[in-house]
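Working notes for the structure below.
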Amino acid sequence: MSDADTSTRQWMNGRACPTVAVGWQVRYDKDVLELTGGSQTATRCQEVAGGCYYIEKERTLSWTEARKHCQAMSGDGGPGDLAMFPSCDAFNLFTGHLGFNAPVSTFWIGAHIEFGINNWRWVSGLPLATGVPFWAYRQGHDSNQNCAAMDNTTFYQLSDFPCEEPKNYVCQVPLASKRHATKEKVPKLICPHNSIQVGSYCYWFSDTTKSWFEAEDFCRNNFNKNAGELFSPSTCDEFTKMAHHLEVAERDRDHWVGASDVSGYQEWFWVSGYPVPEGTPFWATSEPDDHFSSNYCGLMSQDKRFYMEDESCSRNHYYICKLHVTEASEV
């Protein structure tokens, strides 16, 4: 088997990215990028979160120049472009990769404003909503800042910047073995009385406030048949759907969720038993930040686009109960 065959096979098994061709000569002169045809060089991309990426940590360019450089790359699936992230999980894994490998840099990625104010889109043309899970909670709305970058000061959540600013950048190279996206199957649930379906689960939203412990007891005792618990997302996508629902339907209320610091030393767990990772996609920038004041419980905050912050468990807030029910059908 040839080296090329071996490389492609490794990618198909999710273990490595093959070397990609850069079919242009790239010349930089006083921050001006010039592309001329006629050369073939090669560079090694990195496989991260199911995608193949080239991370430029040395050179800085404007957003437009960086995109030209990325488009000059090609893999066995076609020309490259600035990086895009098809899912919350892929983005979350990539932020962790940058945190370990490029902790002091900010990187242009393939998102910009197109046609109107705050009309953010990936370079593929697909829409990109502000807020959870991609954006830092105060970002995405600044005038004359029409290009997006993964910002090291916000744990690599997206921030908007003037497109002319020079920055490092991340390219993505498509490959022939790219997995095709499948349409999400959403179960049609029969939710208990006064609860509603959001995404793939049923939830009950309180109209009165309680402390965190009172709220957790209420969810377990009043929805025992449905294994009720304070909202504890099983995936990044579930948290994203809840945040978007709250922005539309419950935008003037903070909500307790099932996250707590079990030791008082920043050891956060969901009531479902799974750990709550720091940073993206759950926490607002710089949160949790106040465990010295006994802020040991998690709150989805309206002021922070419904990212989480830490809060004193004894304070009263609205809350969300997650209910486990039987699927009726798929739509």
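Using the three backbone atoms N, Cα and C, a Cβ is placed for every residue, glycine included.
Some features that TrEMBL has for this protein:
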DOMAIN    48-172  domain 'C-type lectin'
DOMAIN    198-322  domain 'C-type lectin'
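Sorting each residue of the domain 'C-type lectin' (48-172) by its DSSP state yields 26 helix, 45 strand, 54 coil. Counting residue by residue with DSSP, the domain 'C-type lectin' (198-322) contains 34 helix, 35 strand, 56 coil.
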